[in-house]
Amino acid sequence: MPKKCRHLLQTSDLSLDEIKLLLNKASVYANDFNAVSLETKEKMHNKIIVALFFENSTRTVSSFEIASLRLGAKIVKLNMQTSSTSKGETLIDTFKNIHAMQPDAIITRHAFSSTPFKLAEFSQCPLINAGSGTSAHPTQALLDLLTLYQHFGGLENLKGKKIAFIGDVKNSRVANSNIKLLQRLGLEIMLCAPSSMLPSTPLRTTHNIEEAIEFADILMSLRTQTERHNAPIFASLKDYGNAYCITQQRLKAHAKNKEVVILHPGPVHRDIDIESAVLEDKRSKVLEQVKNGVAMRMAVLEFLLLD
């Protein structure tokens with residue numbers, strides 16, 4: 001029987017006090033990546049972390065790698081395209097074999113929402129979900145929260161703020177994780193997308209981006225995940241962008257002088273999701289999200305491996 005071990009599979013695995021602890025620690029690292037204590041570095045020095053990514057990643061896998069190295073740990077990234085899964089080895093057997101090598105933590109990404117929960121049944125080391133199907137991406141939600149926490153000056157100032165998710169909400173694990181986390185913190189939520197990209201939900205919805213901009217203090221644009229669509233929804237991405245791109249013109253006309261915050265989990269389709277000029281605007285926090293990804297993942301790794 002596996003020993004009890006803390007995992008991070010979804011944001012609900014964390015209490016509000018633990019979320020606050022992570023925000024405080026990540027804020028320190030966001031201000032100075034070198035602010036790792038000597039004690040932490042000594043404890044992390046012999047830790048070995050394995051990254052098992054069965055889906056493509058740029059920001060998340062690089063962010064975890066840099067976070068691990070900054071803490072003083074070692075990370076092993078497996079290329080799953082050249083692993084034994086390509087020879088017919090099952091996912092569970094691959095995981096059990098890696099687990100038998102006794103890493104100190106495993107970070108995984110997979111196309112199926114249930115995968116991290118299945119793997120956690122066998123894991124005696126911390127397991128971190130770096131994206132599962134369309135359901136969860138907890139560290140992305142936490143780094144997005146850190147970005148808002150910094151901008152608005154604390155959790156108490158986030159309560160009552162309004163956030164609109166614009167784009168392929170139905171297929172977005174980022175949206176799903178953020179919605180669950182931000183609801184716990186008292187934010188009001190609107191979903192904006194064509195009907196085919198909206199989930200069945202009791203949340204407020206609209207098909208009109210102008211309505212979403214008028215509603216929101218925070219806009220989170222989402223990539224159109226064509227790889228998860230059974231059939232084309234728009235004739236082209238350009239047609240989609242004509243309806244749902246966050247542009248300077250739309251912000252000027254409908255933000256009503258609000259200093260809206262603009263987020264995107266990446267990768268951004270320029271001039272489809274967000275206009276290039278808006279990405280360079282001070283209201284865009286996209287690169288801050290990327291920086292905060294390293295800081296938050298440092299905090300998460302330290303929390304799971306040392307606390």
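Heads up, the Cβ atoms here are built off N, Cα and C, so glycines get one too.
Quick look at what Swiss-Prot lists:
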type: BINDING; residues: ARG59, THR60, ARG109, HIS137, GLN140, GLY266, PRO267; note: carbamoyl phosphate binding site
type: BINDING; residues: LYS87, ARG173, ARG223; note: L-aspartate binding site
Check the DSSP secondary structure of PRO267 (carbamoyl phosphate binding site), expressed as helix, strand or coil.
coil
Cβ within 8 Å of the mean position of the Cβ atoms of ARG59, THR60, ARG109, HIS137, GLN140, GLY266, PRO267: remaining residues of the chain near carbamoyl phosphate:
SER57, THR58, SER63, ALA130, GLY131, VAL174, PRO265, GLY293
I'd like to know which of these binding-site residues, GLY266, PRO267, is least surrounded, judged by other CB atoms within 10 A.
PRO267
Roughly how many angstrom lie between the C-alpha atoms of PRO267 (carbamoyl phosphate binding site) and ARG223 (L-aspartate binding site)?
7
Neighbours of ARG223 (L-aspartate binding site) among the binding-site residues ARG59, THR60, ARG109 (Cα to Cα, within 10 Å):
none
Counting other Cβ atoms within 10 Å of each residue's Cβ, which of the binding-site residues THR60, GLN140 comes out lowest?
THR60
Neighbour-count leader, CB within 10 A, binding-site residues: ARG59, ARG109:
ARG109
Greatest C-beta neighbour count within 10 angstroms, which of the binding-site residues HIS137, ARG173, ARG223:
HIS137
Nearest recorded site to ARG173 (L-aspartate binding site) by CA-CA distance, among binding-site residues ARG59, THR60, ARG109, HIS137, GLY266:
HIS137
Secondary structure of HIS137 (carbamoyl phosphate binding site) (DSSP, helix/strand/coil):
coil
Find the longest CA to CA distance in the recorded carbamoyl phosphate-binding set ARG59, THR60, ARG109, HIS137, GLN140, GLY266, PRO267; express it in Å as a whole number.
16
